[in-house]
Amino acid sequence: MSAQHPPPSQPHMSPPSVVLTPEQAFALEHASHEGMHQSMALILVGSLILSQLTFILWKKLHHRSFHAATLLGLWIVPPTLGLNAGNTRFVVVWALYSILNSWVIWKAVQTPMKSSTPRLVYKWYSVLYTLSYSVGALGYGTVLLSFFHIPFILHFVNMDTEAKIFEVGIVLLFYGLYFGTCSRDCVVLLSDRMAVNAGYHSRTGFPAKHLRSNMCAICGDSTDLVPADKLHKLNCGHTYHENCIRGYTIIGKKDLCPYCKEKVDLRSFRRNPWDTTQQLYLNLLDAMRFLLVWNPIVFLIVHFVFEVSGLK
């Protein structure tokens with residue numbers, strides 16, 4: 001009986017490879033990333049909502065620490081980002097502003113305080129507000145004209161030059177908003193400090209000095225030798241130098257009498273359209289601190305969470 005040989009084994013056949021078209025490969029990759037993108041969007045939106053609630057609660061419970069932290073962030077975050085980006089022009093302007101502003105702050109925190117210091121401080125920040133408002137308005141107008149291609153339509157410039165004009169407008173708008181916001185937060189903190197140094201104001205409890213009828217509680221000088229048209233009497237009956245009380249309420253953003261803490265009617269300070277525009281601009285600066293300080297910090301935290309979680 002002859003030996004039976006096993007049938008020859010069949011050669012191993014690999015399954016045919018599937019060749020995807022570029023469109024199919026893109027769709028497959030997009031589908032695999034869709035869940036990751038949804039997670040990133042949820043983290044981003046949740047972080048923005050939670051951060052805004054945290055800032056609102058912080059500002060409500062501890063107003064002074066919130067403003068101090070905001071001012072510190074304003075002074076550090078944008079210049080640091082500008083230095084990392086190689087924007088030396090902004091860093092130089094920031095350094096010059098910081099030197100001059102530090103001298104004014106030093107004058108305001110001196111004890112005992114000179115009677116001329118409040119007027120000097122409020123005049124300095126009033127000039128800064130006017131300058132920042134003018135620069136910001138010029139930048140905003142330049143951006144609008146370039147965005148709608150008005151210079152190109154009127155054959156003033158070509159498209160390349162118009163793009164450069166648009167960039168200049170963005171820079172001017174940022175400068176106006178940034179330095180205006182820095183000045184805003186500085187004077188808010190200094191207003192209380194100067195009022196306390198004068199002795200007629202106390203954050204809690206009774207003031208250190210009794211206010212006589214002929215004294216200005218902001219600078220401590222007499223009001224007898226000042227013309228009546230340069231004085232301002234509040235509804236509570238206390239009289240102040242016009243420049244002192246306007247600086248304290250409008251520039252320093254205080255709506256209470258510094259001595260008795262009665263509510264001040266800010267409408268009584270509006271004498272022309274510029275006063276109304278100035279108040280609207282100062283309210284805009286209050287909102288800008290979130291964009292200039294806290295939003296970059298929030299985005300850096302979110303970026304760190306993305307890196308740790310492996311989300312890209």
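Counting begins at 1 with the first residue displayed.
Just so it is clear, glycine is given a Cβ too, placed from its N, Cα and C backbone atoms.
All annotation found in TrEMBL is predicted automatically rather than curated by experts.
Here TrEMBL flags 40-58, 65-83, 89-106, 127-153, 165-183, 280-306 as transmembrane segment. What TrEMBL records for 216-261 is domain 'RING-type'.
Residues 75, 78-79, 82-83, 120-121, 124-125, 175, 179, 182-183, 186, 190 of the same chain lie 6 or more positions beyond the ends of the transmembrane segment (89-106) yet place their CB under 8 Å from a CB of it. Remote same-chain residues near the transmembrane segment (127-153) are listed as 159, 161-163, 165-166, 168-177, 179-180, 183-184, 251, 278, 281-282 (criterion: CB distance under 8 Å, separation of at least six residues from the stretch ends). Looking at the domain 'RING-type' (216-261) alone, the prediction's average pLDDT is 85.
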